[in-house]
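S.K.: Swiss-Prot feature annotations, pasted as is:
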type	residues	note
BINDING	CYS298, CYS301, CYS344, GLU351	[4Fe-4S] cluster binding site
Amino acid sequence: MNTLQRRKTHQVRIDHITVGSEAPVVIQSMTNTDTADAKATALQIKELSDAGSEMVRITVNSPEAASKVAEIRRRLDDMGYATPLIGDFHFNGERLLAEFPECGKALSKYRINPGNVGKGVKGDEKFAFMIRTAAENDKAVRIGVNWGSLDQSLAKRMMDANLASSAPKPPEEVTKEALIVSALESAEKAVLLGLPEDKIILSCKVSAVQDLIQVYRELGSRCAYPLHLGLTEAGMGSKGIVASTAALSVLLQEGIGDTIRISLTPEPGSPRTQEVVVGQEILQTMGLRSFTPMVTACPGCGRTTSTVFQELAQDVQNYLRQKMSIWRTLYPGVESLNVAVMGCVVNGPGESKLADIGISLPGTGETPVAPVYVDGERKVTLKGDNIATEFLAIVEEYVKTNYGENGSKRNQNKIIPIQSL
């Protein structure tokens, strides 16, 4: 069994969630509702939480938004959701925190962007106010630097110094270094202002995969703060999913990254929760965490001209996700369940035996029966028009038997061990 070594960091407590070092990598998401609409925002946070988001960031950009944060927190508490809220501040955060102190108290973490707090002495004062407010309220802070909103005075200073050097670097390399310096210098200022090191998380987001990997490798080697991973804008659909997976998987495999967000551009009509599902699947397929039972299914070939196995695989995946809101509480450990839905005799029986539960559907020209395997043993053979219903009933019974109060697999941990450096 492989062991992934995690980067050793300070551990940051955000309400009931611990971030950093050997703590599990945390999935974060962000609402796209108008925060001033407290009802709609609370409902979307509930939806994101139900999907598996462990922290949710909300925009706090106006007096109307700031005035509703405490109400959003109350609505969530009334619904039984303790999901930590992260306030996303840009440009006017210090004013909003001053005018609406209940906003700062209701949030669990502040996100501050050094690039748009302000310039010169005035900017320093605004940054200091936000940091002191966080410290007074015992809140964590993510100092989040972005490629597109980098502190221009810092960038110019570093560009000028680079031009004056005997061996100037390419401008893009200087910009990457400026991102890192901005984050580290801001963290140093925050500590001097009274914010403990174990209240600080850093991020340096860019939009290109290779740039993100390079920046985070360097940032991770130069500090002991937990790091939040994500592309600034991943894009839409498969492009966004592939880009996020490519970047984050490399860093996570190297032990870099303590919280993640998949910044997908939602396609028209697609649920906001997609970014949460993608984040879960990245962590689960890497063996870092388990969130929901996984379905193994073959890609199909000339032996599987029927779509029956594809439809069953989709039905099973949807069924498992829908049931998890109930199963998670009733059947601890069920998230590690592995189900195989295979399309023909070539790999079907073998993959089905390796899964906790598997079904091998008949391929083209094969006998129209579907053997079901449970814990490696052939259990029953299904046939007829009700294969899907009967197979889901077998899955349901397996979960109740094995993950119930006296189940042999209750609380069984199949996650690859994580060790801190």
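Every residue gets a Cβ built from N, Cα and C, even glycine.
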S.K.: Across all chains shown, how many C-beta atoms besides its own are within 10 angstroms of the C-beta of CYS298 ([4Fe-4S] cluster binding site)?
M.R.: 22
S.K.: Minimum Cβ neighbour count within 10 Å among the binding-site residues CYS301, CYS344: which residue?
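M.R.: Counting other Cβ atoms within 10 Å of each of the binding-site residues CYS301, CYS344, the minimum falls on CYS301.
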S.K.: List every residue in the same chain as GLU351 ([4Fe-4S] cluster binding site), at least 6 positions away in sequence, whose Cβ is under 8 Å from its Cβ.
M.R.: THR296, CYS298, ALA340, MET342, GLY358, SER360
S.K.: Other residues with Cβ within 8 Å of the Cβ centroid of CYS298, CYS301, CYS344, GLU351 at the [4Fe-4S] cluster site?
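M.R.: In sequence order, the nearby non-listed residues are PRO299, GLY300, ARG303, THR304, PHE309, MET342, GLY343, VAL346, ASN347, GLY348, GLY363.
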S.K.: Could you check what DSSP calls CYS298 ([4Fe-4S] cluster binding site) once collapsed to helix, strand or coil?
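M.R.: Where CYS298 ([4Fe-4S] cluster binding site) sits, the three-state DSSP reduction gives coil.
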